[in-house]
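Look at Swiss-Prot and you will find 157, 158, 159, 160, 161, 162, 163, 164 tagged as ADP binding site, backed by sequence analysis.
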């Protein structure tokens, strides 16, 4: 029986990028409070690569005395069969879903290697993603306020409230062009909406955070500074949240949310539609 203090190796295996396996694996493992030693093996599309992977699985089993967990997605039946025979608990992350869809719509699936996000198969999607990322990077942390008419959304908040990681996630995963602007200490006195934002009010969205958590984050960056003090964090947050309320800017508290959750809630509250899947 697995205990909370006992660690276990976890492998994410795919004949593609393994991103899907990692994502679903993280969701599942998040419900089990044990220490996971995670390893990812992408592009396992040949007997040679599978043999190398199985060696790692066997070493894990021999070293730890318990079977590792393997979340996998493999198209070739022979590779899948060999993996299932290894000393591990193996979970095909797509099989049950694909089978259910097949049964419901009465259509045979046609799986292919590395189907997702291939540049050759969907050039427009690829370049749309790159354009969104480039725009977002160029407008990160208040670097530039030019071209706001091209923005899908403008994130506002104090420094270290989660704006940059959320912006990049929304660009990479949703294909959205995101501007993020930080309110720093110099802005707090007489805080008001920038003139550049007035005609883009419908794009404004605020991120806030509990002062205790903000202090903790800032302490990791600049320990012992006024910037990281509880009083400073409380002062900045109180003024920025007052601005959000005064200007009717919707906002959420990011304290206990992951980047994925923040991004999804922003879409939900703004009605924005993701451009890419």
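Cβ from N, Cα, C; glycine included.
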Around the Cβ of residue 158 (ADP binding site), the count of other Cβ atoms that are within 10 Å:
27
Cβ neighbours of residue 161 (ADP binding site) where a neighbour is any other Cβ within 10 Å:
28
When you average the Cβ positions of 157, 158, 159, 160, 161, 162, 163, 164 for the ADP site, which other residues in that chain have a Cβ within 8 Å of that mean position?
180, 182, 207, 209
With DSSP assignments reduced to helix, strand and coil, which class does residue 161 (ADP binding site) get?
coil
